[in-house]
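See structure below.
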Amino acid sequence: MLDFIPSLPIASWVDDAVKWVTNTFEFFFDPVKDQFGWLLDTTAEYLSMIPPIVIILLVAVLAFFMSGKKFGLAAFTIIGLLFIENQELWSELMYTFTLVFYSSLLAVVIGIPVGILMSKSNTAESIIRPILDFMQTMPAFVYLIPAVAFFGIGMVPGVFASFIFATPPVVRFTNLGIRQVSTELVEASDAFGATGQQKLFKVELPMAKPTIMAGVNQTIMLSLSMVVIASMIGASGLGRNVLSALQRAEAGAGFVAGFAIVILAIIIDRLTQNLNKPNQ
Amino acid sequence: MPVIEVDNLSKIFGKRSKEALSLLDEGLSKEEILKKTGCTVGVNRAKFQVEAGEVFVIMGLSGSGKSTLVRLLNRLINPTAGDVYVHDDNLSTMNKEQLRRVRREKMSMVFQKFGLFPFRTVLENTVFGMEVQGMDKEEREKKATDALELVGLGSFAHQYPSQLSGGMQQRVGLARALANDPEILLMDEAFSALDPLIRKDMQDELMDLQEKMQKTIIFITHDLDEALRIGDRIALMKDGSIVQIGTPEEILMNPANDYVEKFVEDVDRSKVLTAENIMMRPETVDFDKHGPRVALERMREQGLSSIYVIDRTRQLKGYVNADDVLEARNNQVTSLKEIIKDDMPTVEMETPVQEIFDIIHDAPVPVAVTEEGKLRGIIVRGTLIAALANVNGNGVEDNA
C-alpha cells in the first residue's frame, strides 16, 4: 500500500555509522582496549593467584560484620564458595567477579553524576530518559556487534555490553532519590544560604542515599546477569562454561556453572543490601 | 525606618503570568484570571512594612497565599512583580550571590514540619546555617550550643531529630534559625503541627525569647487565636490579597470588610471553645510523696498562692493554701492531708467556656479541669477573659 515510499536503507546507514565511528575513534578505542584489557586480565590473574581459602575467609568475615554480626550470610558464603572451588570453577569465578566489578564500577561512576544531572534539569531528564529505555530494552546481542567492532573480542567488550545494560537503574534511582527529597528540606537548605553544591552534598545526596544504593544494587545484579552474553564475545569466566555447556548440550556442566553464578549473585546482593542501612 | 518593606509584590503561577499580571492591574478577580489565562494568583500586589523588633503576623486560611508570601520575602519563590526591601537593599534585583548573603546573614526561617535533616544530630542541624557560611567548626558549634541552651535543649545535642518529640524538634528548628543571630525570623506556620498545649507553651516561649532578643519576626498562621496572642500587628489575607493590616485590637474592633468580620465572627469561640482548649498546665504536688516543704517550694518558684494536690494516679484530691502550708511546716506537720481543702471549682474537659465563666466568678482558686477525676489542666480568670474577649467583647459584659 505504501509502495511509493522506497524501503529506507537504515541498516546500511547504521553499518556505515559503525564503520565510521570505529575508524575515526580508533585512537581512543585502541588504547582503551589495550590498557583496560590489561587491567582486567591482571586483576583477574592476581585474584586467581590468591589461595581460595584466604578469599573465602575474608569474604565470610566481611559478611559476618556487614550483616550485623549474624552467622547466616557468613555460613552461606563459606559453603557457597567452597562449592564453587570444589567444582573447579574458582578461576572462572575470579574472571566473572572482575567483569562484574569493573562494569558495575564504571556504571556507578558514570551513572550517579548523570542521575544528578537528570534530577536537576527537566530538559536533561527528557533527553536522557528515552536513552535509558533504549539501553535497557534493546536486545543485548544487537550492541555486541558494534562492541566487537570497537574493542575486538575479550573482556573489554564484555564490560562495555554489561555497562550499557546495567547503568540505567543507578541513573534512574539517583534521579528519583534526589527528586524525592522533601521540598521543606530543600527549602531549608536554600533558606540558610547553601550553594547548589552544598545543597547537593550536604542535603540531597545524604537524603537520597538509600534510594541510590538500591539502584547500585540493581546495577550490580544486572551486570551479573550479562556474564553469559558477554562470554559470547570472548569474555572469560563462568559465563563461558555455561555457553560451552549449551553448545555441547551438557545439562550437568551448564547447571553447575549457572549455580555458581547464582551463588555469586546472592552473596553480592546481600552484601550490598547491607550497605544500605536506613538513616536515623 | 522599616526593616522590611514590601511594595506591590505579586506572584502568579502559570505560563502566561505576564498577561495575568496586566489583567490583575485591570482589576479582574482571581477566578476570572484563572479562567482566562489558566494562571493562579498566589499573591496579589501585597504592600506592607515591618518595623524593627516587631512581630508581624500574616494570617489567612489555607490557599490564601500566606505561605507563598513568606517565601517571596526570602525569594525561595521568585516574585512575578514588585519589590522586597530589607533595609535599603532590594531583594528582587539581587543576583544569586547577594541573595545568598542576605539569607545567610540577615534572615532565617522556621518551617511548619520543622525541616530538620534526619541524618544529622540536633547539634549538626543547628550548625547548618553557619556551616554553609564556612564558619570554623569550633565557633559554629559554640554558637549552636548556646542557641540550643536558649531553647532548653542543651542536653540533647547529640540525639537525632527522630528521637525527639514534635515540640522539641521545633525548638531545634528555632535554635537553628537563631544560632547565627539573624535580624529577621521568618516563621511559616511554625507551631501548627504541634498539640494545642505544646503550641501554647511554644508561643509563650517565643514571646519570652522575643522580649530578650528583639528580632523582627514575620509569623505565618491560620489560627486567629495564635495571631492575636503573639502579633504586634496582623495582616489578614484572602485570595492572595491583604485585606486588612492592624493591631489585634483594630482587627477585632473595626473589621475592614465583610470577610474580616465574618472571620472574626466565625471564631465565636465562647460557643465552641471548651475547657480543654484554654486550659494551662497545672502545678501540682503529690500527697503520697510530697509534704509542706515541697509544696511551699513549688508555690514560691511559680509565684502561686495555692497549689493543687493529686495522688499517684493524678486523681485530684483538693488544694492547699500557702498560708496553711506555711503554718503546717512551722508546726512540723509532714503530710498535706490535714490541711487539704476540696471546695475548688471543677469542670470537665468538654465544658464550654461560656459555662466556666459562671463558675470561675467567685472561685478562690483556678478552675480545675478533670477527666475521670484526674487533673488535666487549670483555667485562670485571665486566660478565660482573654479567650472570650478575642471574639465578643459584649459576651463578657453580659455575663459579668
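Cβ atoms here come from the backbone N, Cα and C positions, even for glycine.
Under the heading transmembrane segment, TrEMBL lists A:46-64, A:71-87, A:99-119, A:140-166, A:220-239, A:251-268. The annotation domain 'ABC transmembrane type-1' is assigned in TrEMBL to A:93-272.
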Notebook entry, point to check: Of the stretches A:71-87, A:140-166, A:251-268, which racks up the most C-beta pairs under 8 Å with the transmembrane segment (A:220-239)?
Noted result: A:140-166
Notebook entry, point to check: Most CB pairs under 8 Å with the transmembrane segment (A:71-87): which of A:46-64, A:99-119, A:140-166, A:251-268?
Noted result: A:46-64
Notebook entry, point to check: In the same chain, who gets a Cβ under 8 Å from the transmembrane segment (A:46-64) while lying at least 6 residues past its ends?
Noted result: 70-71, 73-78, 81-82, 85, 90-91, 94-95, 97-98, 267, 270-271
